[in-house]
Amino acid sequence: MNIFSWNYFSLVVKHTVHSLRPNLRYSRGGIRISNIGVRCLSSNDYCFPKTDVAQSYMGYLNYTIDTKHNPIRVSSNKELAERMDRIPLENYRNFIIVAHIDHGKSTLSDRLLEITGVVNPHAKNSQVLDKLDVEKERGITVKAQTVSMIYHYRGEDYLLHLVDSPGHVDFRLEVSRSYASCQGAILLVDAAEGAKAQTVANFYLAYSMDLKLIPVINKIDLDTADIPRVEEQIENMFELPKDDIVHLSAKTGKNVKYLLPKIIESIPPPLNCQRDAPFRAQIVDSWYDSYLGVILLINIVDGTVQKGSKISSYRTKNKFEVKEVGIMYPDRTPFPKLVAGQVAYIIPGLKNPNDVYVGDTLYDSNFSVEPLEGFEEPKPMVFVGAFPTQGTNFKKMEESLNNLFLNDRSVTFQRATSVALGQGWRLGFLGSLHASIFKERLQKEYGEDLIITAPTVPYKIHYKDGVEQIVSNPDDFPDSLEKTKISYFSEPYVDAYMSFPKEYVGKVMQLCNANRGAQEDIQYSPTGMVFLTYSIPTAQLIDDFFGKLKGVTKGYASLDYEDAGYKPSDIYKLEILVNGEGIDALSTVLHKSEINRNAKEFVQRFKKFMRIQQFEVVMQAKANGRIVARETIHARRKDVLAKLHAADISRKKKLLARQKEGKKLLKSRGQVRIPPQAYQAFLRRQ
Ligand SMILES: Nc1nc2c(ncn2[C@@H]2O[C@H](COP(=O)(O)OP(=O)(O)OP(=O)(O)O)[C@@H](O)[C@H]2O)c(=O)[nH]1
């Protein structure tokens with residue numbers, strides 16, 4: 001809609017600049033208007049392109065003039081609290097940064113925290129919001145983090161709540177929970193890599209939740225940046241106008257200052273909140289502190305809460321008195337009170353992690369209220385058995401698990417017993433990366449040493465009478481279909497969405513077919529990317545499918561997936577027997593086509609980790625009632641003839657016969673000593 005001409009626009013610019021900054025000369029001091037847009041002279045940045053609608057230039061102009069580095073300096077928490085207290089609800093902005101993994105969310109968060117004075121810009125901050133050791137070491141965000149900032153813009157204070165979210169597909173639930181407390185999202189796209197599967201998934205999630213989207217192209221400092229291509233992608237794929245895109249480098253800080261005004265101008269405040277109503281809030285996250293007990297991050301929808309407030313939890317019906325309230329700035333900063341619209345923490349004084357649920361509604365105990373809509377329950381896709389290396393550590397490890405569970409509510413766990421490994425737990429995770437991060441956290445943060453069994457997905461047994469049963473422990477899977485009441489088995493599938501440059505399409509299809517996949521859709525984008533959808537068994541997906549996909553595409557592919565229900569499948573339990581005795585911890589469920597190869601490999605590998613025993617040990621792999629592979633470890637033979645005279649033949653025969661008998665007896669008792677190290681080594685190699 002070309003309402004305003006460029007000349008008219010120049011006039012508007014002159015007047016706007018003049019009214020906002022009477023001393024600023026539009027042609028020399030601050031900006032230069034040319035046929036291609038507006039250039040900021042002080043930084044010599046080319047800021048804003050020419051658009052059709054002069055109204056948007058007005059907005060741009062305001063940013064140009066009001067984007068001075070303007071960190072808030074406060075001398076105490078009291079002053080910060082007072083300043084925040086004076087900010088009206090209309091000046092709140094709650095937003096999330098979403099992107100594909102490694103596109104720069106945490107780095108951008110660092111820059112925003114510096115601009116707003118939450119952290120010192122000279123302190124060389126790096127990934128301030130990646131607080132967990134495992135996040136720092138692996139350079140990935142695992143937990144969503146919220147931080148509050150004050151930004152001074154056009155003479156007013158604004159309170160911003162920023163959520164830095166994880167990018168990996170396993171943590172999508174964490175992202176979707178965070179969306180609930182936001183009205184806007186920054187959709188960050190890497191200038192070199194362009195939109196990837198995760199960008200698309202996050203876009204649709206944000207779009208479906210009605211969030212205002214701000215497209216941002218990051219890493220413009222890279223030599224490999226291809227801004228026109230990424231702009232085109234954003235416009236074509238997400239229907240977000242090119243002119244709305246902010247170009248920046250989170251690493252160097254270039255243009256980041258334009259983002260905050262844009263957030264204030266475009267994202268609406270949380271106006272569904274009522275400050276005068278009785279207190280009502282949603283638990284967004286929880287974690288455990290060994291001194292303070294449970295800490296809750298809450299999104300306050302109505303009313304206020306302070307130290308001493310008596311509040312109840314809707315789901316557990318627990319009542320408690322609040323011990324402390326405050327904001328994350330970027331760490332816990334106690335405040336006298338919190339008000340509706342804020343996303344902040346409270347310490348409820350609870351010691352038992354099971355007393356709270358993420359997504360639950362908290363409310364003023366003196367009133368009865370409508371609960372807020374809860375969150376999607378986590379649906380574990382990967383199960384493993386976990387056992388303490390030393391059986392005696394069971395109690396201590398259960399405590400650690402409970403604490404970690406409070407910090408990561410997407411994990412499910414229940415007690416399990418294994419004949420081979422003793423007492424332990426069956427843990428459920430959202431994906432394999434999630435499982436490996438959890439194990440690492442348990443080891444690093446709680447110093448626990450554990451044996452983890454091979455990951456498995458939840459299989460379904462369909463009985464002839466119509467009953468269905470989910471089995472997430474392979475050892476509980478029936479030995480065969482014969483002579484049972486079972487009609488058939490089924491396994492879970494996902495729709496896997498992959499994107500990669502078109503030259504890899506053949507190799508990716510080959511990989512998908514080798515993983516029992518079935519093609520569902522293929523789209524070629526004008527920018528040379530392929531978007532491919534395959535239906536793939538979840539069991540294949542968790543067997544490092546992403547790693548293999550990256551391998552065949554030289555790292556260029558990205559992957560996202562969605563639960564696609566169960567499909568009938570020819571699956572069997574593969575059992576490892578040692579001298580006829582099944583070892584429960586080593587059972588797996590596999591598709592018919594994979595049984596023989598795996599059976600052979602399993603027995604050969606397990607043999608390597610077994611010590612030579614006093615008698616012969618036979619290792620077998622059994623599937624569907626049949627032995628499909630076998631390996632033997634021959635007995636260590638004690639030289640019972642060593643002290644005998646060479647001519648004493650009959651005595652020799654007698655001794656050898658007795659030795660044979662003894663070994664037979666030992667073998668028949670099946671008393672094979674399997675050292676825990678053998679399990680550990682075998683399972684680690686899986
Ligand atoms: N050259 C360049 N590198 C950047 C820029 N922004 C981020 N990076 C680098 O990109 C890598 C990933 O950045 P992160 O901020 O950890 O990305 P993320 O999106 O938070 O990653 P996840 O949380 O794991 O999804 C790091 O090595 C950053 O230093 C940028 O503007 N330019």
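Quick reminder: no glycine exception, Cβ is built from N, Cα and C everywhere.
Lifted from TrEMBL, the feature list:
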{"type": "BINDING", "residues": "Ala99, His100, Ile101, Asp102, His103, Gly104, Lys105, Ser106, Asn218, Lys219, Ile220, Asp221", "note": "GTP binding site"}
{"type": "DOMAIN", "residues": "90-271", "note": "domain 'Tr-type G'"}
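Counting every protein chain shown, the Cβ of His103 (GTP binding site) has 28 other Cβ atoms within 10 Å. Under the DSSP three-state reduction, Ala99 (GTP binding site) is assigned to strand.
Classification of Lys105 (GTP binding site) by DSSP places it within a helix. Neighbours of Ile220 (GTP binding site), defined as other CB atoms within 10 A of its CB across all chains, total 19.
With respect to Cβ neighbours within 10 Å, the binding-site residues Ala99, Ile101 differ, and Ile101 shows the lowest count. For Asn218 (GTP binding site), the same-chain residues 6+ apart in sequence whose C-beta sits under 8 angstroms from its C-beta are Ala99, His103, Gly104, Thr107, Leu108, Leu188, Val189, Asp190, Ala191, Leu248, Ser249, Ala250. DSSP classifies Asn218 (GTP binding site) as strand under the three-state reduction. Here GTP is bound by Ala99, His100, Ile101, Asp102, His103, Gly104, Lys105, Ser106, Asn218, Lys219, Ile220, Asp221 per the record. The longest Cα to Cα distance in that group is 19 Å. On the 0 to 100 pLDDT scale, the domain 'Tr-type G' (90-271) averages 83 in this prediction.
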